[in-house]
Structure formats: structure tokens, C-alpha cells
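After the C-alpha cells below, expect a handful of questions from me.
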Amino acid sequence: MSLHIFEGFSDVLLEVLSALTPLAILFLFFQIIFLKLPMRRIFDIGVGFLLTFLGLSIFLQGVHIGFLPVGEIMGQKLGSLSYKWILLPVGFVIGFFVVYAEPAVAVLTKQVEKVSGGYIPGKILLYTLSIGVGLAIVCAFIRIFLGISLWYFIVPGYIIALIMVKFSSKTFTSIAFDSGGVATGPMTATFLLALFVGVAGVTDGRDPLLDGFGMVALVALAPILSVLTLGILYGRKEKKQNAQNEAESKAYYHDR
């Protein structure tokens, strides 16, 4: 049986090439006018562009022949189960590990840990994002089963997020809203989206177009809320530490 693994690969190559070409042209423009980088550095950047082109092309081809079909098939099988509640813990586990393996999330957590000087450990941020997205997947399944409108999740969710900003540590506010975009990376937007379309397609009274989509919006919201929650906890820790330092300082000067 032929797997047709390279079927449509030429179209994928053209798509990736059309996406990277403007960036390459922009770099060359800045190189000629402003940057004036040495040839060795230009060669390294060129190799980087080539690897990016090959990597994205292979990844997207894998998505088309693997991720999307298996996600939809899994969704159809899981959605056909008599015990719908089993999808809630399964969905949480899937959401947790998909984000845990998300390359963009790994980059974010490493950058945050590096810039913060270890004040915000990457592992804690990674677990926070993974748990948040896992809970978002549970909410998305509940939405499909009960036919709840997406607005009842999105509007209150962002209102709560804006309120939480006031109480969260300022350090975490920007990280939280960036995390929402990062969590909806290629792993989430391919496998999980296909999974939900499959579940909606076999659920009575549900339209895959209306109910299968919208999951990405919930996934984008969940990291914001979870990271802001982490920021509130860190904010309390900061206040407690500052109060302790102030008390020790007063005691020191009082003794003198």
C-alpha cells in the first residue's frame, strides 16, 4: 500500500518559499544599507534560512499526511464513545502534553528564565501553561457536548483576565498575554483542531464548522489566566518578602 507521503509536497514547498522570500529580501536590503555584516555571518544566516525552509516544509507535509488525519480519526472514535465524560480527563492529558511538547512554548519559557535571571523558572512556567491549556481543552469538550456558545467562555474570560491584571505581578502581565499567542502554536493548531472537528462531526446535533472550531480561542485564553494566576501568587510572595526585608532592616537599625 502506497503511503503517498510526498503527495502535494511541491505545493508545500511553494507555500514555505513564498513565506520566507520576503524575509530574505528584507534582510538583504538591511544588509546592503545598514548592517554590513561580514560574509561569514551572512553565510551562517543563509544556512539558517535554508534549514528553516527545509524544516518548515517537512513539518507542514507531516501535518497534512499525519497530524490532521490522525487527529480527526481520534476525534471521531472518542466522540463515538458511549461514555462522553471520559473525554474530559483524556482531553486534559492531551492538552497538557501537546503544549508541553510545543516548540514555541519551549522557546518562551527559556527566554523568560534567561531574561528574569532565574526568578521565573522555565519549568514552573511550562507546567502552568500546560495545565491551563489542559483545562481549556476540558472546557472546549464541555462546550461541544452541551452546545454552549463560545461567547460565554471568551467574554467572561477576558473580563476576568483584565481584572486579574490589577492584582498580578507586573512582571507576569506581558508574559501572560504573549503566552496566549505562543500556546496556539503549530502543534495545537493542527492536531487539537482536527481532534475537535472529528468529535463535533460525530456528536448528535453538532456542526463541525460551528462547534468544531473555536477551540484555539479557548487555548489562547487559558495561558493568560493561568500565568496571571501565577503572577498573583508571585506578587504575594514579593510583598511578603519585601515586608520581611523591611522588618529586618528596621530591627537592624533599631539595634544599632
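Backbone N, Cα and C define each Cβ position, glycine as well.
TrEMBL lists these features:
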TRANSMEM  12-35  transmembrane segment
TRANSMEM  42-63  transmembrane segment
TRANSMEM  83-103  transmembrane segment
TRANSMEM  124-144  transmembrane segment
TRANSMEM  150-168  transmembrane segment
TRANSMEM  180-201  transmembrane segment
TRANSMEM  213-234  transmembrane segment
What parts of the chain pack near the transmembrane segment (83-103), using Cβ distances under 8 Å and only residues at least 6 beyond its ends?
126, 129-131, 133-138, 140-142, 145, 182-183, 185-188, 191-192, 195, 199, 219
Does the transmembrane segment (42-63) make contact with the transmembrane segment (12-35) through 3 or more Cβ pairs under 8 Å, each pair 6 or more apart in sequence?
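With 3 or more qualifying Cβ pairs, these stretches touch.
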